[in-house]
Amino acid sequence: MKRIFLFLATNIAVLVVINIVLAVLGINSRGGTGSLLAYSAVVGFTGSIISLLMSKFIAKQSVGAEVIDTPRTEEEAWLLNTVEAQARQWNLKTPEVAIYHSPEPNAFATGASRNSSLIAVSTGLLDHMTRDEVEAVLAHEMAHVGNGDMVTLTLIQGVVNTFVVFLSRIIANLIARNNDGSQSQGTYFLVSMVFQILFGFLASLIVMWFSRQREYRADAGAAKLVGAPKMISALQRLKGNPVDLPEEMNAMGIAGDTRDSLLSTHPSLDNRIARLKSL
C-alpha cells in the first residue's frame with residue numbers, strides 16, 4: 001500500500017507543482033473553454049513527457065544499475081546475447097542491458113522509445129532462477145519494449161492528467177463565482193487544487209487498469225517468444241520470493257502482488273499464471 005500511495009501522491013504532486021509554477025509566472029487558465037483545455041494539456045503532459053525522456057537515467061540512478069558494455073563474465077555475455085536475439089525477433093534495436101544489486105528477483109524495462117530502451121535484471125533474479133526462467137523474464141520485458149508500453153503509459157497518463165486539470169478548473173470556476181459575477185482568486189485556487197487531488201486519485205485507477213492489462217499482454221508476448229511453460233515457471237518462482245523496487249520503479253518491474261486490487265500496477269501472479277495456461 002505504501003508503494004501505491006507514493007505512486008499516486010507523486011503524480012498528483014507533479015500536477016500541483018506545475019500549477020503553482022504557472023500561477024507564479026502569471027500563466028493562468030482564464031479564458032474560453034478552448035484556452036482552458038490547452039492549458040490543461042500543457043500541465044497534464046509536461047510531467048509525463050519529462051519523466052519519459054528521463055526514464056532511463058532515473059531507472060539507473062534509482063537502483064544503481066550497471067550497464068553491460070563489455071561482458072566480463074559468461075553470464076553477462078549470455079544476457080547480452082539473449083536480449084540481442086530477442087530484439088531481432090521484434091525487429092528492434094538492442095536495448096541497453098544492465099544488472100543491479102538486489103537480493104530480490106526482479107527485472108524492468110524502460111526508455112523513451114522502442115529503439116531507445118533499457119532492460120535491467122537484479123542479481124537476485126540471476127541467483128534464484130534457471131536460465132530458461134531468466135530467458136522468459138527477459139522476453140517479458142522485451143515485449144514491454146516491443147509493444148511500446150512506456151510511451152503508451154505516458155500518453156494515457158498525460159490524457160487523464162489533462163482531464164483532471166480541466167474538470168477541476170471548471171468546477172472551481174463555478175464554486176468560486178460570486179453573485180455579482182466576480183470571482184474569489186483564493187477560493188478558485190483552493191477548490192481547483194482539492195478537486196485536482198480527488199480527480200487525480202480517480203484517474204489513477206484508469207492508469208492502474210491499463211498497467212495490469214499491459215502485464216497480461218507482455219506475458220503473452222513472452223510466451224510467444226520462448227513458450228508459455230518457461231514464463232509460467234518464472235512466475236511460479238516469483239511467488240516464493242518476495243520482491244521490492246523503489247516506489248517510482250514498481251510499475252515497471254515484473255513481479256506482481258499477491259492479490260488483485262484496483263490500485264495494483266500488476267495482476268496477481270496466480271491470475272497471470274492462469275491466463276498463460278489458457279492460451
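Quick reminder: no glycine exception, Cβ is built from N, Cα and C everywhere.
Here the structure is a predicted model, which means the values were calculated and not measured.
The candidate list GLU66, GLU215 contains one residue that Swiss-Prot assigns to the Zn(2+) site with HIS140, HIS144, namely GLU215. With every protein chain in view, the residue among the recorded positions GLU141, GLU215 whose Cβ has the most Cβ partners within 10 Å turns out to be GLU141.
According to its DSSP assignment, GLU141 (active site) is helical.
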